[in-house]
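Reading through the structure tokens given below for one structure.
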Amino acid sequence: MNKRLNFKGFKLLMWLIFLIYLAILVEVVILKNGTAITIARSRATLGLEMPLSKRIAYSNFIPFKTILLYISGQGYNSIQNIFGNILVFIPLGFLLPILFNSCKRLNNTIFISILVSASIETIQLLFNFGSCDIDDLILNTLGSIIGFVIYNNINFSIDNNLKLEIKTKNK
């Protein structure tokens, strides 16, 4: 009974962390700490709203184009953009398999990560809250894979310790 209560408490804590993570993700990536909304309002007020066709033209749909630009050092804040896009999705890859049994399989975690990242890129494109870039989706997905690997390593270590503890008690 006590272990069941601890598991429910742990699961509740993980859900709370997940919801806080999603709120931070929206705030940092989509709203850019409020500056995206301010810029969008200013553009609309000044009549500088960019039409969707132009935003699409400025978007990057060629995989690795921006990443290669960043690696060559030509992009603005290159290192920050590469590692920021990876780091921001590590918690997603770590938390999904804890919260959803179906995400204990890497392909399911990747699928959900792609959906979340594609949703963010679409919102940025439609509402002019930043640039839409396929490379962000690639880097975000890489971050989720890293989070999943971290989860698996921790889970494997816990499983092995429990098995060792059970074997020791049985002797």
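Any Cβ shown, glycine's included, is placed from N, Cα and C.
All annotation found in TrEMBL is predicted automatically rather than curated by experts.
If you check TrEMBL, you get these features:
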type	residues	note
DOMAIN	18-152	domain 'VanZ-like'
TRANSMEM	12-35	transmembrane segment
TRANSMEM	82-103	transmembrane segment
TRANSMEM	110-131	transmembrane segment
TRANSMEM	137-154	transmembrane segment
Taking helix as H, G and I and strand as E and B in DSSP, count the residues of the domain 'VanZ-like' (18-152) in helix, strand and coil. 107 helix, 2 strand, 26 coil
Between the transmembrane segment (82-103) and the transmembrane segment (137-154), are there three or more CB pairs that fall under 8 A, provided the residues in each pair are separated by 6 or more in sequence? yes
Give the nonlocal contacts of the transmembrane segment (82-103) in its own chain as ranges (CB under 8 Å, at least six residues past its ends). 11, 14-15, 17-18, 21, 25, 28-29, 67, 70-71, 109, 112-113, 116-117, 135-136, 139-152, 155
